[in-house]
Amino acid sequence: MKINLDRTSSGFCIGVQGTIHVAEEKLAQSGELYCLGDVVHNEVEVKRLEALGMETIDIPAFEELRNAEVLIRAHGEPPSTYETARKNNLAITDTTCPVVAKLQRTAKMLHQLGYQVVIYGKKVHPEVIGINGQCDDEGVVIKHPDLSDPEEIAPLDLSRKTALISQTTMDVPGFYELKRNLEKLFAEHGHRNPGTQSGEWMAVRDIDITAEKTGALAMPKLVFKDTICRQVSSRNGKLRDFALANDCIVFAAGRKSSNGQVLYSICKDANPHSYFIEDVDEIRPEWFVGENGKPVESVGICGATSTPMWLLEKVANYIDKTFGDGSSNPNA
């Protein structure tokens, strides 16, 4: 049984890498550090850092904290968090992902320009909370691209100029499905950009938003900006190919990980013999037995952008030593 470890489309993205690196440096220096929320949506990695001295706190604990250093994770935070830190004399170590920080600036400018900001994402996801905070919490968050949830679309004002953006870790097909359905919905109520017959919304760039802000060039009433992180979304096709190339897939990620859910679905769709775990204690021997009753020939190990490579290596070594012959050398 050959163990194949995916090193090209699994493991930390750049944003998470930066956060973990800074956290490790701070802990090595002082042995203690507060983190607002889970530093990454992977329980195994959180526990590793907590063993080094990190203390994970929630919003109520953060609001009571005084004269301490607090890490802001890659997901980012709303403006209210920084205001609380200022009032409470807290030193902020800000590791907001550059892609997320750019998105926050985009959302803020669109809101200031009077656009109703629609966010494709999950309302309770920390990144979305941070983005919506830039819109004074007035953004409309939609998770279902087919507009099937009445509560999600109830706040939509179909008469306002509107801009669609996305949480960085959402799926690209879902974003464009939502765009098409919003175009149709607004057009049905008589709202479309001038000169368009079927209600197409205009794609805008940062330079267009800046031009609108400075008065140099006006944007249409209905616009969209694809803000999904391409470092994340580019993994989709590679992971699909990886899943197809192996008899069995073991996908390691935290169950809180939005990106993990998306990537696991891709694996499962490509290869029904795909299994989700958080750690090695969830691995089952029957996964590695083929329909002929013999061991499968290949097992692929992969994970999310929030899954540390050391955990994937741990999973690969465990499977090789426990169910294989120990000769696969998955760390090569």
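A Cβ is built for glycine as well, from the same backbone N, Cα and C atoms used for every other residue.
The model shown is predicted, which means the values in this text are computed figures rather than measured ones.
Of the residues Cys97, Cys135, Swiss-Prot places Cys97 in the same [4Fe-4S] cluster site as Cys13, Cys229. The record from Swiss-Prot ties His75, His125, Thr168, Ser257, Ser258, Asn259, Ser306 to (2E)-4-hydroxy-3-methylbut-2-enyl diphosphate, and of the options His21, His41 it ties His41 to that site too. If you take the Cα of His75 (dimethylallyl diphosphate binding site) and the Cα of Cys229 ([4Fe-4S] cluster binding site), they are about 12 angstrom apart, rounded to a whole number. Here is what falls inside 10 Å of the CA of Thr168 ((2E)-4-hydroxy-3-methylbut-2-enyl diphosphate binding site) among the recorded positions His41, His125, Glu127, Cys229, Ser306: Glu127, Cys229.
Other than His41, His75, His125, Thr168, Ser257, Ser258, Asn259, Ser306, the residues of this chain whose Cβ falls within 8 Å of the Cβ centroid of the (2E)-4-hydroxy-3-methylbut-2-enyl diphosphate site are, in sequence order, Glu127, Thr169, Lys256, Gly260, Ala304, Thr305.
Comparing local CB density within 10 A for the binding-site residues Thr168, Ser257, Ser258, Asn259, Ser306, the maximum falls on Thr168.
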